[in-house]
Each structure stands twice: as C-alpha cells, then as structure tokens.
Amino acid sequence: MLVDGPSEWPALRFLLLAVAMSFFGSALSIDETRAHLLLKEKMMRLGGRLVLNTKEEQANERLMMLKIAEMKEAMRTLIFPPSMHFFQAKHLIERSQVFNILRMMPKGAALHLHDIGIVTMDWLVRNVTYRPHCHICFTPKGIMQFRFAHPTPRTSEKCSKWILLEDYRKRVQNVTEFDDSLLRNFTLVTQHPEVIYTNQNVVWSKFETIFFTISGLIHYAPVFRDYVFQSMQEFYEDNVLYMEIRARLLPVYELSGEHHDEEWSVKTYQEVAQKFVETHPEFIGIKIIYSDHRSKDVAVIAESIRTAMGLRTKFPTVVAGFDLVGREDTGHSLQDYKEALMIPAKGGVKLPYFFHAGETDWQGTSIDRNILDALMLNTTRIGHGFALSKHPAVRAYSWKKDIPIEVCPISNQVLKLVSDLRNHPVATLMATGHPMVISSDDPAIFGAKGLSYDFYEVFMGIGGMKADLRTLKQLAMNSIKYSALLEIEKNTFMEIWKKRWDKFIADVATK
C-alpha cells in the first residue's frame, strides 16, 4: 500500500484511546489535559501521522517560519488572501514566499480537471486567435463564437455573419484593447466580482457561456492537438506529473468541415501524451474521464454510458471511467439517472464512476443527496463533495470505503459556494484526516494556472496555522494513491515523485 489510509486507522484509534485513558484514569492538571487534547488533534489532522526525516524537519521549520510570519502580518493588517475573492487576492498570493515554495513543490497529480478550462486563456488569445482562417461572429445575444474555415464558415441563425479575425483586427483602432476584450470574454476575471456576479445564477450563466464561446477554437483539430500538449506543459511547469481530465469529447473538426468522433479524440489524447512523455520522461501521462452534461434526458445519458463502456474497452489505458458534469443545482440528480447508471453493472461490465456530488450550499435536497447516491453507485472519488460535512453517516461511510473527495477551493469560491476560504467546510474534514486530494477544476477560466494557487488557499486558509509540511506531503501522496493508475504505475510514479520531493526538501532546507 502506497500511503496509509483509513484501513490503518484502528492503530491510531488505539493510541488515541490510550491517551484519553491516561488522563481519565488519573488526576491530571488542566495543563496536562490540554496538552493531551492538542496531541490528539495533531495526530488526527491530515498528515498528522507522518514522521518527517531530519531534512524534512529543517525544511518544515523554514516553511512554517515564513507561513507564520505571513499570517501574523495578515492578522495585523486584516489583509489575508484566502479571506478575499481570488480575483482580488491573486496578485497578493504571487508576492508570497510561501506561494513560491508551493510552486516548487512536487504536487503529484491533478485529478479533477475539465478539458477546455485548463490552458491559460492568454495562450488561446495570443496564439490560437492569430492563426490563419480563424473567424469570429456575434450571436443575437452578443455572445462571441469562433470557427476555423476556408473560405468562410457556414452561416446559421445564431451566426449570420462571419468575419475573418485577421481582417477584423486590421479594422479596429486598438488591437491590444480588442485582445484584452477577448480575454475578458474567455474568463470570469473581473476587478469587482461581488458587483458583477451578484448570485450563483449570474456567475454560472457566464461560466457556461465561456465554454460555448471558446469551444470552436479548441475543437479545431490542429488547435486541439496543441491544446492538449500545452495543458501538459503548463501543469508540468507547475510540478504536476499526471492529469486526469473530465472530457465531453465533443466533435473535433477540420478546416474542410469534416468532423471526428470520440474515438479519434481519445486516440489524439493518447498520441499527444506519448509525444509529451518522449521529451519529458518523468511525466506519467494523462487519463480521460468521459463525461456528459447532467441537463440531458435519461435516454441520452444511457447512450453516453454505452459509449463510455466502448471507449474503455478499446482504450483501457486512457479512458478511466465516466462522470456527469454541469451545475448540480439545476441539473438532474444521480437518482434521476439511476437506471442508466446501472447499465454497466447489469451487463457485467466494470465502468468506474468519478461523480461530481454535493457541489451545493443546499441541505436536505436531492442535490446534496447526490453524495449518498454517488457512494451507492460505487463512485471511485467524489468531485467537490462540498456538502459532505453536513452528512455525518455518509461521511463515515465514504471514510470506511476509503473514497476521497476532490477539493477545488478556488472554484468553490468563484462559483459562490463560499466567500472566505477559512470557512470552507473541508476545513473540518482536514482536521480529522478525511481522504482527499486537491485540484483546480477549470483554472484558466478563473485566471489561475496549474495547481499551486489552490494548494496555497488550502495550506494558508483552509488548513489554518497548524497545516505544515506533513499536510502538503500527505496531499501529494494522496493524489498518487487515489489516481486511476494501476498499482504498478502508482509505484513507478511514487518513486519518481520521491526523488523530486527529496530534491525539493534539500532546496527548501538549505537555500
């Protein structure tokens, strides 16, 4: 077993029981009782059972010195990035010495990512929209759409007039301002998020509009290949060595108008990943979690599940399983899709599920009960699991089954589930050592890059003052343990990660 998990908690419980009995069975002073309780909490915390070696202790001492200094300054000034909206805090995070260390840290894997939200939008604007044959149109609602075609794309009711972007840029007075306007349409970033996004409906509307806007750029075959490569490059530069991507596998098109199917897309993911590994031999690779939107009818989802079964049979090393994406609050519940989701089991076919569940503020509804239904349907991991702390029995069951939650703090904040990340419900789960991994969801749409920003928010905000190098190490190892890789692949990954970790520790401890 790569990392100690909940199956090994009985030994810890015995130790904690011994600690408890020591002060219940004897007359301890208040100070002694206090010390015992603090020790108990320390051991329960995520990573609390890890024993650091000498070098790690030295690195931890330096890291915590910087962290405590930054937090004390925040207490003095009341300017604390995790308590602020990410759009307003990002520049402060980038000044942080702790953040610089987190960027250096080998983070293992990113296990919760969406296909067209993971490459920085600046690349999309400065690179992709400057390529030949790129056209733009504006729908009657004023929403941008893009299409590569020669000579021009086919017109429709939504796009009655296409303009070659190269010609359009020649006509605008300020090209830089135009490109900046594209960036504003490709991300949620704004200087005044509380004013612009007054509620969850508003921010989700813009969020889903962005996917509609950029889809025509990314799903052009030459761009698609480059996009997949660029996504690996950006995460590799952020010291992430493996990615699992939720992908809807929408049709990819050629300049001629020809369209490719899901198999072509999966094969392209596979080929591009192999090409990337050739020049980055420590990179483990990528897997695809085929996904469909939870707004669709049951019959459509049933067909998507059959497609997922076929893709996994044909590409067992690439396709990890299936998920449902889209806003939970307005989409179908897992219970609605139960019959469709039972198709693989009834047919004797193994199709792993990686369900989004509990990405909501509401309690006692079919929405937050998605967490329960995800577990009943044998989900491998729980995407977000924001509502898990409100369901103690479900929480205990997921812990017993060793099913982790995928925590995406910046996404949860930007999409208005929580404003101050110190109040994120996963803080309670971290304090008790619940299985979890950290990921970044759609970092490009939030103006972020890679995984480091989310790690910063967790380490500084959600984990509180006591989260230290043990916490970070446990999270990195968890990302390997809970990945969809085979055990032999996890062992290889762990060896590569360990070498990088030791170098990172030496750098932090000595520089």
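Just so you know, the numbers here start at 1 and follow the chain as drawn.
The backbone N, Cα and C atoms fix where each Cβ goes, glycine too.
If you look up Swiss-Prot, you'll see E359 marked as active site, proton donor. Here Swiss-Prot flags H384 as active site, proton acceptor, drawing on similarity to another entry. The Zn(2+) binding site annotation in Swiss-Prot covers H112, H114, H356, D441. Annotation source Swiss-Prot lists substrate binding site at D115, W204, S205, K206, F207, E208, T209, I210, F211, H293, G326, D442. Annotated N-linked glycosylation site per Swiss-Prot: N127, N174, N185, N378, in sequence order. The annotation region 'Dimerization' is assigned in Swiss-Prot to 30-100 on the grounds of similarity to another entry. Look at Swiss-Prot and you will find 127-185 tagged as region 'PRB domain'. Residues or ranges marked as signal peptide by Swiss-Prot: 1-29.
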Test of understanding: give the count of other CB atoms lying within 10 angstroms of the CB of T209 (substrate binding site). 15
Whole-Å Cα distance, D115 (substrate binding site) to H356 (Zn(2+) binding site), is 15
With DSSP assignments reduced to helix, strand and coil, which class does N185 (N-linked glycosylation site) get? helix
Roughly where does the region 'Dimerization' (30-100) sit in mean pLDDT, to the nearest integer? 97
Under 8 Å between C-beta atoms and at least six apart in sequence, can you list the same-chain neighbours of H112 (Zn(2+) binding site), or say none if there are none? E244, R246, G383, H384, E406, C408, V437, S439, S440, D441
Do you see any of the recorded positions N174, H356, N378 whose C-alpha is within 10 Å of G326 (substrate binding site), and which ones? H356
Within the region 'Dimerization' (30-100), count helix residues (DSSP H, G, I), strand residues (E, B) and coil residues, in that order. 54 helix, 0 strand, 17 coil
If you count other C-beta atoms within 10 angstroms, which of the binding-site residues F207, F211 is the most crowded? F207
Going by DSSP, is N127 (N-linked glycosylation site) part of a helix, a strand, or coil? coil
Of the recorded positions H114, N127, N174, which one sits closest to F211 (substrate binding site) when you measure Cα to Cα? H114
Nearest by Cα to T209 (substrate binding site), of the recorded positions N174, E359, N378, is E359
Looking only at the recorded positions N127, N185, F207, E359, N378, H114 (Zn(2+) binding site) has its closest CA neighbour at F207
Sort the recorded positions N174, N185, F207, H356, E359 by C-alpha distance from N378 (N-linked glycosylation site) and give me just the closest. H356
In the same chain, which residues outside the set H112, H114, H356, D441 have their CB within 8 A of the centroid of the CB atoms that define the Zn(2+) site? L113, R246, V325, G383, H384, E406, C408, S411, S439, D442
What does DSSP say about the residue listed as 'active site, proton donor': helix, strand or coil? coil
How many Å lie between the Cα of N185 (N-linked glycosylation site) and the Cα of S205 (substrate binding site)? 12
